[in-house]
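Novice: Sharing a structure with you now.
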Amino acid sequence: MEEMEEELKCPVCGSFYREPIILPCSHNLCQACARNILVQTPESESPQSRRASGSGVSDYDYLDLDKMSLYSEADSGYGSYGGFASAPTTPCQKSPNGVRVFPPAMPPPPTHLSPALAPVPRNSCITCPQCHRSLILDDRGLRGFPKNRVLEGVIDRYQQSKAAALKCQLCEKAPKEATVMCEQCDVFYCDPCRLRCHPPRGPLAKHRLVPPAQGRVSRRLSPRKVSTCTDHELENHSMYCVQCKMPVCYQCLEEGKHSSHEVKALGAMWKLHKSQLSQALNGLSDRAKEAKEFLVQLRTMVQQIQENSVEFEACLVAQCDALIDALNRRKAQLLARVNKEHEHKLKVVRDQISHCTVKLRQTTGLMEYCLEVIKENDPSGFLQISDALIRRVHLTEDQWGKGTLTPRMTTDFDLSLDNSPLLQSIHQLDFVQVKASSPVPATPILQLEECCTHNNSATLSWKQPPLSTVAADGYILELDDGSGGQFREVYVGKETMCTVDGLHFNSTYNARVKAFNKTGVSPYSKTLVLQTSEVAWFAFDPGSAHSDIIFSNDNLTVTCSSYDDRVVLGKTGFSKGVHYWELTIDRYDNHPDPAFGVARIDVMKDMMLGKDDKAWAMYVDNNRSWFMHNNSHTNRTEGGITKGATIGVLLDLNRKTLTFFVNNEQQGPIAFENVEGLFFPAVSLNRNVQVTLHTGLPVPDFYSSRASIA
């Protein structure tokens, strides 16, 4: 919580925000501080006069204004809350933090109201103290900026957790400790401000003044004020404008500038932005965790450098002492070089520790602040700051990348003393710098969210650990045989993603990966278990088909442009398991005899399926069918096909059999036995036939029952 305090303090006064308002650039200011840094612009630079000169622009949001006109001399400077001035760097009186500070244009009225509520001079300009964007106020003045109720709630909870003394809300300079609180005005006063702004007379005499602690409790228990529309102060926010990214009321939708914009429900957008902020925080939290581990690593490096330095110096002294008196003259010089290298390494590491510590503290503070903001139940107030917080979180997360978490210095001393020269060559003795042997790479991490299987293919992805400093020259991916057997290499290369095809269906595979470089190989990663699909989904393969084959229906339907038989294969091959697919006859003219079955990848494509020794098929006409392999015709069976008929093909590689079905009835005996190897579904047909393929089908129930009995 302490690191969040920077998020809760005004950049102008340095104190906790009091009645904060939100500028169009998403930064916050105390309302009183905003009045103190107002600048009155000449009449000729007002938005009205600039629009009259013909150089005005339409109502852009502040990001577009920033891009288009922040440094443009012809910019009108008019926006939805006002506009950015065209010359934000105009020199004028400045506070220590570079913010332009001018005294109020008129003294605050001697009333019990805050000076920030007094009228704002016409043609006033305000510069954000953080991004230094200048903004010309419209007729509403500071009332045109929404109040940050969420930030007020976070500050109140923070002060309660710290038991901080409540400060006066009306002190113009350093706020004094409050002595009372007015329950009606909801304002904390010190004694001088109470006497000046809240005298016990007139209508104020009836107000109830209580101790600050009691007032804090009553304020916490009382319902928080609902945020109202800046354009229609009597209306509460009811919807969210997607284009302008801001809450709006119903009057804005009916008659205001949001009437033609896309709007969404306030509650739905509140939940959506909370979800987006939470997701962004998850990424930033991971970065912060890595940063903490990185700092531990850096601090360990300091100790290792100290230890290695001591060890190296001792070795150096021992070698120098062995080279008699002549070595003593060089010993001092060599020790000086070692110490210089030692100090250089320490300086680099300590500088990096300091830099990362500051960045981590800022990151932690932003995280704690965002977590407190998420606890708020004010949708309107939350949506006013959520976009800016989400951008800050993403920006902070990005800043932790780009090599930030990589050590700038190694712990080893890349020096080696060569003590072989003769005594008369001692004056030439010097360090010989050698490259230290590089360690093996760290163990790769399999990225489970990117690993998947499809049909009989598996895609695996991996990465190096985030804190690894040793580069890998490549990776070796290994899979077992799907039956718990030995692992075998399936990929060797530099890529961190690989797709393995041709696996068995309905099988479980174990995968692992290791990295290698010139020094050696890393340990294996954790083993990942992959399950391939139980049934196959596939289509016909245009790449391997005869050129006369015509494809349609996403390659599930085929016919032919020739009167001769032509062969087309399926995209998926089978070498293990039980597989079943069907083909429906969409068109059947002039009683042709198409063939259905399986084939090797190199089957002849310009003749009927089964005429060579690379295919096993059943060809059928309108009356009967035959089985055919290597041009041998067997098992003539009565019963043919017509339009609408269904051909089923059952390939059982566990029992090494091929069986055919016509209209859900087995056609003849088992067609072929002792079939083994890699088979592709296959069809041969001519222009008189059109068939459609149906895949992903379970094995017929009667066959499953018969197989279990057998």
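Placed from the backbone N, Cα and C atoms, the Cβ positions cover glycine too.
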Novice: Looking at THR41, THR406, which residue has the phosphothreonine feature per Swiss-Prot?
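Specialist: Cross-referencing THR41, THR406 with Swiss-Prot, phosphothreonine lands on THR41.
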Novice: Write down the single range among 10-50, 502-542, 584-624 that appears in Swiss-Prot as zinc finger.
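Specialist: Here Swiss-Prot associates zinc finger with the stretch 10-50.
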Novice: Can you say which of 224-266, 267-309 is given as zinc finger in Swiss-Prot?
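Specialist: Of 224-266, 267-309, Swiss-Prot gives zinc finger for 224-266.
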Novice: For the binding-site residues listed here (HIS232, HIS258), which one has the lowest count of neighbouring CB atoms within 10 Å of its own CB?
Specialist: HIS232
Novice: DSSP on CYS252 (Zn(2+) 2 binding site), three-state: which is it?
Specialist: helix
Novice: Fewest other Cβ atoms within 10 Å: which of the binding-site residues CYS229, CYS252 wins that one? Let me know.
Specialist: CYS229
Novice: For the zinc finger (163-212), would you mind checking the mean pLDDT of the predicted model?
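Specialist: Averaging the confidence scores along the zinc finger (163-212) gives 85.
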Novice: I want the residues beyond CYS229, HIS232, CYS252, HIS258 whose C-beta is within 8 angstroms of the mean position of the Zn(2+) 2 site's C-beta atoms, in chain order.
Specialist: THR230, ASP231, GLU235, VAL248, CYS249, TYR250, GLN251, LEU253, GLY256
Novice: On the DSSP side of things, how many residues of the domain 'Fibronectin type-III' (440-535) fall into helix, strand and coil, could you say?
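Specialist: Going by DSSP assignments, the domain 'Fibronectin type-III' (440-535) contains 3 helix, 42 strand, 51 coil.
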